[in-house]
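Notes to accompany the following structure.
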């Protein structure tokens, strides 16, 4: 197996196969569930809006892949600093049956100098998730923070508040995941000594098998080749799947989605 094939198979099994579009329908989510079951293995999860969780759960069960996890988003994509609304959305997502919640950190508040509200928001959402055995990923929106010190600070605050994962981006702004921001965030995980309990998720802009290989290489360099498993590493993507399957000898590499 070539290096690209090996990394593509790894990446496929770490994907949160995503559709977060305004025109999403039951039919599109059902199709996403079908795509998550591939000839070379399943993606780790799908990521969808909360209202589609019941139809996704039913579809995954019917197609014989109930182990594919269902992730959803809250405080999304705006990252407002209203803790009560973020918490209410997170509780609603849990009630719908989410296995994982990706909440947007109030990054604009941090840019304005307020570190406390981000901590409090993540902590409140974590408490709700922990009570239901739901994993919490925190989206810090690196492409808006831009500054390395702010990316580090948002990562640190999220981890201290209980994040199970830190995630780069919503996929809804001009700049999403970059290898540079990925390295900064994973260095925070390393420097805080939390690599056993905290994972990393690049999202938005990871589109090709070669892209995924680059991101995995950073993780391997920092933590060794065994760290990036589904508990510690995910790719938030949609069009990436077609490229990975093509690298693995399945399909033509074309995809209808751009996330």
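Cβ coordinates come from backbone N, Cα and C, glycine included.
As recorded in Swiss-Prot, the features of this protein are as follows:
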{"type": "ACT_SITE", "residues": "102", "note": "active site, proton donor/acceptor"}
{"type": "ACT_SITE", "residues": "167", "note": "active site, schiff-base intermediate with acetaldehyde"}
{"type": "ACT_SITE", "residues": "201", "note": "active site, proton donor/acceptor"}
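Sequence-distant neighbours of residue 102 (active site, proton donor/acceptor) (same chain, 6+ apart, CB under 8 A from its CB) are 47, 71, 72, 73, 74, 76, 137, 138, 139, 167, 201, 236. For residue 167 (active site, schiff-base intermediate with acetaldehyde), other Cβ atoms within 10 Å of its Cβ number 28.
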